[in-house]
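**Q** Below: one structure in structure tokens.
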């Protein structure tokens, strides 16, 4: 039903993208089906759902973005991300992983509004280069065997850490996260939507691919990194005055929570991590879309100036509240279901983990509620274009589409 709703929107606004959507969707109805010879293979429902999410995000960008150059860059980036989800060996995975950086860099440098965009591009390139060269080191040390390997290989703990460093940068985990707020603040709205909704999923999907090589003995290191990212990142959100920076740090906390789910290495933890990927993809895309609409109308991203802004439109206020409540994991959103599964898994492993997760949830709910109350209370503006906000309706439906569970169970 949701797919038909979205396709009807595409048919109404951009008929050529309706054709593109239907052609791509016809490829996605097959599971365990290789339509690219030895190089591309659909081997999991998880990656099929991520590809569907990519197409939904592209759809809202196609409908809402007026700049044709940004549209072309968005289509290139989504195509690269789709190919990233379905390669059959590590070398192709790495190639498309690095290739995804260039459209975002062009968007930031070409269409950013402030001179600080050069500094944020330096951060992005430095982190990408610093964290990706170790991957090439492992590649050469393996005597090029990674070219033909279908993800199931046995390596030492040290080699796994080096291999996962490039994916950790795209998560990003807390200590490799400094490029993300800078890139979000300087990027145009379209680039921020793609960066939060798609590019962060490349790191999680890549880590999910190599997870079979993770040593069970050293999980404590990853659990510690995940908890530090959750707690410190959520406290960073509390002290932000820029709404876009707050949404960026919120992505850092959610990705740390996702890392906690992944390293448990159980079937239910994999299911919860994929659902959390989907929930964060839809939610963060809408967060940056709404913040971008606020910026385009008022000329500011400061939370102080958001006071009463969304109360000028009832539809906008409801949508804003729904998105940020979903971001904090309120039922019946997909975020709640995935986070509930993560909490259940962590309680089975150690009761003491619940204290850390409780702190994370309290702080996370606080900054989401603070942003909602600060934006809805007070005297409202009257110059807001409500029509554009209606484009986000399909993503809201997907964000609360709890029937994703039926795919896994």
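Including glycine, each Cβ sits where the backbone N, Cα and C put it.
Residues or ranges marked as transmembrane segment in Swiss-Prot: 10-30, 44-64, 76-96, 120-140, 160-180, 194-214, 221-241, 245-265, 271-291, 305-325, 353-373, 389-409 (among others).
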**Q** Mind pulling out the one from 160-180, 271-291, 353-373 with the most Cβ pairs under 8 angstroms to the transmembrane segment (245-265)?
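**A** Ranking 160-180, 271-291, 353-373 by Cβ pairs under 8 Å to the transmembrane segment (245-265) puts 271-291 first.
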**Q** Hey, which of 160-180, 221-241, 271-291, 353-373 has the most Cβ-Cβ pairs under 8 Å against the transmembrane segment (120-140)?
**A** 160-180
**Q** So are the transmembrane segment (221-241) and the transmembrane segment (160-180) touching or not, going by 3+ C-beta pairs under 8 A with a sequence gap of 6 or more?
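**A** Since 3 or more Cβ pairs under 8 Å link them, the transmembrane segment (221-241) and the transmembrane segment (160-180) do come into contact.
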**Q** Using a Cβ cut-off of under 8 Å, list the residues of the same chain at least 6 residues beyond the transmembrane segment (271-291) that approach it.
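**A** For the transmembrane segment (271-291), the far contacts come to 46, 49-50, 53, 56-57, 60, 64, 184, 189, 192-193, 196-198, 200-201, 204-205, 208, 243-244, 247, 250-251, 254-255, 257-258, 261-262, 301, 316, 319-320, 323-324, 326-327, 333-335, 337-339, 341-342, 345, 389, 392, 395-396, 398-399, 404-405, 408-409.
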**Q** In the same chain, who gets a Cβ under 8 Å from the transmembrane segment (353-373) while lying at least 6 residues past its ends?
**A** 223, 227, 230-231, 234-235, 237-238, 243, 246, 250, 253, 257, 303, 306, 320-321, 324-325, 327-329, 342-343, 346-347
